[in-house]
C-alpha cells in the first residue's frame, strides 16, 4: 500500500470558468499548499496548481509558516531565498524574519525560493 497522502484535496470544480480559464476574486484568505507555497485564496490555489506536474493538496487554512522566534539581528550572507507576501525576495530566513518582525507580522511566507 502507498503511504497516505499529506494534506486535503480541494474541490476546484466550482471555480471553473469557460474552457480552462479560472477567474478568481481578489479577497485574501491565504492557504498553504503541500508544495509549501502560500496561495492568496482557495480559487488561486486551484488556478495555480491546475497544470502542475504533481498533485498539490491543501496543508492548512492559513499562510505557510516560517519559525521566526529565534532569529538574530545580525544575519549571514548565505543565499537561501524566500519570497515574502509583499512580493520581495529575502536572501535567507534571518533577513526574512527581521522583515516579519519589523512589519509586526503582516508579512508572511509566500513561497520558498525567489518570487
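The backbone N, Cα and C atoms fix where each Cβ goes, and this holds for glycine too.
On a predicted model such as this, the values are computed, not experimentally measured, just so you know.
Annotated in Swiss-Prot:
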DOMAIN    6-66  domain 'Kazal-like 1'
DISULFID  12-46  disulfide bond
DISULFID  24-43  disulfide bond
DISULFID  32-64  disulfide bond
DOMAIN    67-115  domain 'Kazal-like 2'
DISULFID  68-97  disulfide bond
DISULFID  75-94  disulfide bond
DISULFID  83-115  disulfide bond
What does DSSP give as the helix, strand and coil breakdown of the domain 'Kazal-like 2' (67-115)? 10 helix, 9 strand, 30 coil
Cα proximity to residue 24 (disulfide bond), best match among disulfide-bonded residues 32, 68, 75, 94: 32
May I ask you to report the DSSP-based helix, strand or coil state of residue 12 (disulfide bond)? coil
Here the 10 Å Cβ neighbour count for residue 12 (disulfide bond) comes out at 15
Whole-number answer please: how many Å between the C-alpha atoms of residue 64 (disulfide bond) and residue 75 (disulfide bond)? 22
Fewest neighbouring Cβ atoms within 10 Å among the disulfide-bonded residues 68, 83 goes to 68
